[in-house]
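Structure first, commentary second.
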């Protein structure tokens, strides 16, 4: 600083960006700015006539060494022990837009699972021409054993019939396979396929069970689906992975020993009729993979023969579905409670929610030098669900038993620091926190008691939709929550 006072201090900055169409000419990238400037001031500078000369102001955020600038440049330099003479590289990106609360849909019991149907969702794309424009729907599964289909106005268009009564009725997972087909499973160890039809006015619908898939001997924790190939993956509490098809012709017969007693008796006597019996089938394969419950099983969207399974035994397995064999095993430090696939140009990544309250990013390739790429910290209870952004490859949302959802931007990272973060590699912190609206003005219980989030999904049309212990589906929307 020498001859200048703190009030007069200036800092040389170098502006960079990966935003297409918003690059500065080489001659304008270096600039002297006041040391006390903040994000808003920097954003105004960039939008000015002498810089980008934007037709309308674009709000920007700025990354410095992988973290968002939330102070003045002066404070940043002081906090990091850097001289004012240092050139600061600022990567500018379009500002993050907070997800705004939109609506909640009431249920009679805990909401265990949600899935989304829209023109931009996987199920909408799998539906092809059968998907009708504007037929955006939410699927919810609950511990009362019921499936519900909702429209955007909060109207329950259809509710499934009760298949089981008693302690085994609860559902753990449900997925759209198309606009007319749904897969669901849970405590009774059975996968059920439902056909969904709507009335001509689209104000009511009907759910009809058409196929039951038997093979597991324990609770089914979650489902992975690929509507294009009509296949389903199941993650079972007994440590096994199931591969199934919804094609009655291709699926093998169901094992008689696992069928409900009434049906098994009728089948032995040859008295079954198509009029009163839902078709039953078995698994294409059941793979004993893990030593503890499997939390998630997901298809690789880039390779139809590959799948991934995450387990409470601390491992992520890469599976060859053609041979039903484990290709590789990646051991982590904690029990894995959820997982999703992140599309990435440089390498595939699996985001796994853990029992240690973190989200771990894992490179599943055998050739990877380091399997744990990054750790996302911020939750204070188990991370029960993760979902990738529909807009880009560097953001995701997580849901936790602490009663919150957190949005993460993987461009904002820092090196691990201190004993607490030893071995975590790069560390990321959330950019937004979504609370449960059901709390109202009440303070959130520390461990999330009463408002635990069990599932969250992110779709370009719907936004972020979550369900949980408060018996509600909650919708939070925001255009370009994290801009691509």
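For all residues, glycine too, the Cβ spot is worked out from N, Cα and C.
For reference, Swiss-Prot has these:
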- 11-94: region 'Ubiquitin-like (UBL) domain' (REGION)
- 121-160: repeat 'WD 1' (REPEAT)
- 166-204: repeat 'WD 2' (REPEAT)
- 215-254: repeat 'WD 3' (REPEAT)
- 289-329: repeat 'WD 4' (REPEAT)
- 331-372: repeat 'WD 5' (REPEAT)
- 378-418: repeat 'WD 6' (REPEAT)
- 448-484: repeat 'WD 7' (REPEAT)
Is the repeat 'WD 4' (289-329) in contact with the repeat 'WD 1' (121-160), using three or more Cβ pairs under 8 angstroms as the rule and ignoring pairs under 6 apart in sequence? no
Go ahead and report the DSSP secondary structure tallies for the repeat 'WD 6' (378-418): helix first, then strand, then coil. 0 helix, 21 strand, 20 coil
So which residues does the repeat 'WD 7' (448-484) touch in its own chain, when a touch means Cβ under 8 Å and the partner is 6 or more beyond its ends? 93-116, 118-121, 136, 138, 140, 142, 150, 380-381, 384-392, 394-405, 407, 409, 431-432, 434, 436-439
Here the mean pLDDT of the region 'Ubiquitin-like (UBL) domain' (11-94) is 93
Which sequence-distant residues neighbour the repeat 'WD 5' (331-372)? Criterion: at least 6 residues beyond either end, Cβ under 8 Å. 222, 292, 295-296, 298-302, 308, 310-316, 318, 379-388, 393, 396, 398, 400, 402, 408, 410, 423-425
Over the span of the repeat 'WD 4' (289-329), count residues by DSSP class, listing helix, strand and coil in order. 0 helix, 27 strand, 14 coil
